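I have placed the structure first, in the form of structure tokens, so that the comments after it can refer back to it.
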Amino acid sequence: MASNNVAQFAAELKMPAGVLLEQLQAAGVQKASEDDALSEADKARLLDHLRKSHGATDGDKRKITLTRKHTSEIKQSDATGKARTIQVEVRKKRTFVKRDDVSEGAEQGQAQVAEADDDAELKRREEEARREAELLEKQAQELRERQERLEREEAERRAREEAAEAERRRAEEEAAAKRAAAEAAAAQQAAAQQAAAEQETAPTQSAQDEARAAAERAAQREAAKKAEDAAREAADKARAEQEEISKRRAAAEAEARAIREMMNTPRKAVVKAAEPPKPAEPAKPAEAKGTLHKPAKPEGAQARPAVKKPAGAAAPATTQAPAGAGDRNKKPGAGKGGWQDDASKRRGIKTRGDSSGGVDRGWRGGPKGRGRHQDSASSFQAPTEPIVREVHVPETVSVADLAHKMSIKASEVIKVMMKMGQMVTINQVLDQETAMIIVEELGHRAVAAKLDDPEALLVEGETGTDAEQLPRPPVVTVMGHVDHGKTSLLDHIRRAKVAAGEAGGITQHIGAYHVDTPRGVITFLDTPGHEAFTAMRARGAKATDIVVLVVAADDGVMPQTKEAIAHAKAGGVPIVVAINKIDKPEANPDRVKQELVAEGVVPEEYGGDSPFVPVSAKTGAGIDDLLENVLLQAEVLELKAPVEAPAKGIVIEAKLDKGKGPVATILVQSGTLNRGDIVLAGTAYGRVRAMLDENGKPTKEAGPSIPVEIQGLSEVPGAGEEVIVLPDERKAREIALFRQGKFRDVKLAKQQAAKLESMLEQMGEGEVQNLPLIIKADVQGSQEALVQSLLKLSTDEVRVQIVHSAVGGISENDVNLATASKAVIIGFNTRADAQARKLAEANGIDIRYYNIIYDAVDEVKAAMSGMLAPEKREVITGMVEVRQVFKVPKVGTVAGCMVTDGIVKRSSSVRVLRNNVVIFTGELESLKRFKDDVKEVKQGFECGMSVKNFNDIIEGDQFEVFEVTEVARTL
């Protein structure tokens, strides 16, 4: 901001405006007020005045000193012969004096001062140059000695090689001559023998002799040809060796020539850099002026490139020298501390990028400089695109395997995981989702894959079955809210009394029945209506063809009714609405219809597609109409399934029977299940040893849409698992074991992925109470529903921890686990055996038995409420007014008080109020009436009180007396 007046200039200088006005007036600038304008001339006059007042003779600088520092390196051998790099620092200092028109005496004095400074500087520079020249001379002498030694060793080695080569050639020539002479003698001898033989046997064997003579002549020609080939091969070998020796000699000469060039160039460069500047130049006015205006270009600035240029020119000579035999046969210590190391050992300024021009790209591969490499090739590297791989990610994969699939190091994967907040090792197992995120983070394409999956054979087997499709009975699931009469409706249809036998009058198991009607067979699935059995209802909707939605006419649409509608719509299943309990006086079917329309279920009479049938499970009214509508919907759906084919189905319910072992209720969806078939259900497999219908009677086969109970599985299957018949038990075992391993790996991987988050949550939550439980139920569905219901009770302060949950009776193993984990055992429709009961009594383990899910949930909720920290509340018991204050030695301040309201107890806490503002909160130290200690003082009485650790009491203060009470909390 340009300052236009005195006030702005004072603000810019951060000084009072009055002081600035005084300084301006002292400088001869007449300014009367802060609003007066200031010009640049006024500011210049003020500056001159201030300089003179501070002792400066003139406003201009008379002298300027420039300091420059230059660092170079030289090689110096120590006593051990090892070359060391020595830093040589040259400091230069120049003083420039401004000359003007002053008296001659002043000029001479200034010239003498400048000359004295220049003489001292010149002497110091000459001394430094002399020392540097000595060091360089010593270095050059060492280089010459080393070069002479290298040349001498090279000449000796070359002479030895030439002598050995000549000796070897002479030996080879003698051997070749001997071989040729021997072969010629052998040929002559063979010819003589042949001639003698011919003369002896000519009269009798003329034909045989001619053939033998031809063979011998061919052998002689072959021998002569071999001798010629051997001689030619020996000559070629000798010529190649001679060429190799010539190449080595040329390489050695080139290296020696490069060394000689190097010896000559640095000397000149360093000596030139060390030349002191001429002392007469700074005295010239024109040059002094130029130096003052352009301080970045002193005279020595041109000397620096002269130092660097020869060194840079020597570097290409290094890289262009051919790497021949001279480099390979050179002794390891021969080049130690030589000129090749200058560029790589020289320290440079730290910059971004490569500023060395390729000199520092050498690498050292062994001790004492062996394996040294210079980048003799071009420094250009062609740009390459990153390779994007398609990585098939299985459901579980270790960090090492994932890195191998992407062709990178495992440490790169670990880095990415650490950035994501997870600490892993190379053997850590990752789930598929996490692994795919990592693959995409590293720039590759992730593909979910199931490699080496034996279940693929099941899909291939399914496509190969082309059995005839025949009509099958419909599977109808009865759904609705609890106590709306679903089971009673089924009892009337089946002529049974199942509802009377249910504990508490509510259904807690999913049941499967088939009913023969005059128009065909219908299979019913009865689902529980309690909110805890959501998973059961979802399984029922998954396996069904038609949903019968039971709604009580006196109760209307309830939460589980809405949930059943959502399950049916999600499965795309048609809905038949049965409005039950129409025999009650308070029944209102029209209200039920309106509520169902609001939920998206529109009756046929309103233009929808859902038939509404009013029924009464008690009187049987409307039952036939309901069955008629169900069968009508089934005809519209045209339900068909193959009969003469291996069976497929779904597990409706599963349990562990003490005498029968694992028992599963399955619904056959297609094919025919026979006794003795090999079945696979999730991770369980086995041969069907026994098969019972819903009435408990043995049966040999079950067709489509028929529910049966099977025995013979290896373990209790999960409810909702798909059941399939396989021809081979070995294949069933293989698939079951594969599923077990996959389930275990996926579970461990997900636990590991959530471990860090749970740790951080626990750290943030602090102390959390845990209620460990062990749950044993009669069937899988009930166990699943009970676990989910109890886990929903967890809060931020008390958490339900399910240590173990399974199907079957309570055993000794369960009691031992409860002892180790300090858990409570809950038995739902199960009991503990005698050994388990004795062990539980001995260890003090609490075992609770329930047959209604409400009771189990309510009691666990009450136990969790007891574990909650009690809530603390303050109750004000009285008010006290201070009338007089006494100072008692060794005791402190005692207040004489009047109890104006309530009662004051000795054990109470107190707040000190002054003008209705709390100034202290603490405890009563003493409570006296007259001179006696009392426990309490009632309203209207005087007393003496002292507060612990508080003595600042004055008359008129008020004491608010209160007590802290603990109140039990509930969930």
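Cβ coordinates are placed from backbone N, Cα and C, and glycine is handled just like the others.
Here is what Swiss-Prot says about this protein:
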- 49-85: region 'Disordered' (REGION)
- 49-63: compositional bias 'Basic and acidic residues' (COMPBIAS)
- 99-386: region 'Disordered' (REGION)
- 121-181: compositional bias 'Basic and acidic residues' (COMPBIAS)
- 209-260: compositional bias 'Basic and acidic residues' (COMPBIAS)
- 355-368: compositional bias 'Gly residues' (COMPBIAS)
- 471-640: domain 'tr-type G' (DOMAIN)
- 480-487, 526-530, 580-583: GTP binding site (BINDING)
- 480-487: region 'G1' (REGION)
- 580-583: region 'G4' (REGION)
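Confidence across the domain 'tr-type G' (471-640), taken as the mean pLDDT and rounded to a whole number, stands at 79. Packing around ILE582 (GTP binding site) is summarised by its Cβ count: 20 other Cβ atoms lie within 10 angstroms of its Cβ, all protein chains included.
Under DSSP, LYS486 (GTP binding site) is assigned to a helix (H, G or I) in the three-state scheme.
In this view, GLY480 (GTP binding site) is surrounded by 28 other Cβ atoms within 10 Å of its Cβ, with every protein chain counted. DSSP assigns THR527 (GTP binding site) to coil in the three-state reduction, outside any helix or strand. When the compositional bias 'Basic and acidic residues' (121-181) is classified with DSSP, helix, strand and coil residues number 61 helix, 0 strand, 0 coil. With a 10 A radius on its CB, THR527 (GTP binding site) counts 29 other CB atoms from all the protein chains.
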